Amino acid sequence: MKKISNRKIIKEIIYNDLLKIRMLRYVIVPIIFLTIFYTVLEIKISTLVKNLNQSIANRKGEHTALERFVLQSLLVAVLTELNGFIFTGVVQYIYRNTAKSTFKGFISLSPKNFSTIGGGEIQTIIDRKSKSASELIEVFLTSLLPICLKLLFALIAVIKNMGGLAGFIMFVCVSCYATVTILIAQWRSNIRRELNNSENRSSNKLQDGLNNHETIVSFGTTDLEVDEYDQFLKINASNSNRLWRALYILNLSQRAIFLLQSFFIIYAGISGILSQNMSSNQLIYLMSITSTVTINLSNLGYLYTRYTQAIINARSTYDTMLDIKKENNKFKITEFKESIKFNNLSFGYESRQIFNKINLEIYKGEKVAIIGKNGSGKSTLLKLLLKFDEDYKGSILIDDIDIKKIKDEFYRNLLGYIPQNTFLFNESVKYNIKYGSFGISDEDIFALCKEFGLYDVFMNLENGFDTNVGERGRLLSGGEKQKILLMRTMLRNKEIMALDEPTAALDKESEKKILEIILQQEDRTVLMIIHNLELINKFDKIIYIDENNIEVYKNDIEGQKKFSTNLQYFLSYKLGK
């Protein structure tokens, strides 16, 4: 898999996630100036401490020196916290904005690309990407910038007050500190990457177990699932322990370097190696400014860790999305006028060919029944039409336009789809029927359900149309779930209907009535997978899929005769039963 560089990640976050935020553009310049101002004041506090010590020793002007020290320290504290107070709203807005845009990126993927990423992994990636964007801006603007400025001003102040040698010693120690910090932080980054991967696997395992709760209970494999999940948790715990222990080693190394810095400067001062012998005032000044540098540099390791973690978290999104083909469509179509064409369409999986150069044309308003054995490719044909998978040879055309060249949001607005698997949102019946339709009133829903004879079915539920269907609709029967999907699709009233056994869970009387209503609109094009051959005569065209190919029968005298001749052949295969 191709990898994106850290520089590219930072550039993407800055230009695509941050600079597009108006709030950030307005506050960034004032925050930088405010940071420079309070940083200069903080470094000068060491001089005030030296002056206060001298005033106390001389018993002269000590009250004035104390007042200056307290007031300037208070001002620095206020400005420092004010910086964070102003910026916290920006950070939270960045988190929210990034989470929203990342979620949109994943939810907009084609079903094929979406299925290659685990649901638990997607949730983790969205959280990490959001944190990475907000943390990077926070690290650079509110933490790293002040540290760099304080180091610069501190070195200048030490050279000015204690000579070049003292400044050189401080510079060398700071360089050693930065080197050790980066090396150990890189070590921790590798551990963090392993921890992220193991957490992704454990999250997917957890969600897989929760989604298959009934199967686990019915097979009595609860202990097995718990033990398998615990193995993932064991790996997580091991990686987490390594991560924290590396941090403690880093902290010890940092403290040792600061101790050596103080030792060398003080030793040089008392030994007369500096430009002048060290006085008590200079010692106080050194300890004060060293304390300031120490406090700020002690956060450098933490900040570098936050930076590398943010980059790793961002990379998990960019690397995942990098090899996924981005939409680069041109055409925007708003209506279906003439026909759907499958030209020399070939499609298959690694182990099996499904279609081999099939050709098919369906005209606007035609009602088409699709039959065939289980696994023959009936559902696959609909999914290719729906652009769920575009890895095929040949072409699929809508009004002579290749569907790959049509913008997804416009293309999908032409089609209504009922999948074979009936998954619903954990919301009310009314919410699930309304889903995907806008500007629809409750009365519109009730009228549609009455037209299909389903109003009483939903009203007889515990809370009528406000009844919660449960996760994936588990609180409803298969027939009730299928009726909700039917109403959802019919409410959208699209020009092309792709229906994958939409009445399989219904009784024959309901199936017949609903099918008649679906097919009665003349300009609606319907492609419907069926198993009930009693319904065949209601369609204009019959498509039989078998052995990588298709046979097409028109519902006229010649077509009916040909179809009747082959009916026993179809039945011998039980049409997928």
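Each position is counted from 1, following the chain as shown.
Glycine is no exception: its Cβ is also placed from the backbone N, Cα and C atoms.
Sequence annotations record features per position, and here TrEMBL assigns transmembrane segment to 21-41, 69-95, 136-159, 165-185, 256-277, 283-305. According to TrEMBL, the domain 'ABC transmembrane type-1' annotation covers 73-309. Look at TrEMBL and you will find 340-572 tagged as domain 'ABC transporter'.
Taking every recorded stretch in 21-41, 69-95, 165-185, 283-305 and counting its Cβ pairs under 8 Å to the transmembrane segment (136-159), the highest total belongs to 283-305. Panel annotation: around the transmembrane segment (69-95), residues 17-18, 21, 23-24, 27, 31, 34-35, 37-38, 41-42, 44-45, 48-49, 52, 130-131, 133-134, 137-138, 141-142 of the same chain, lying at least six beyond its termini, place a Cβ under 8 Å from a Cβ of the stretch. A mean pLDDT of 85 is what the model gives for the domain 'ABC transporter' (340-572).
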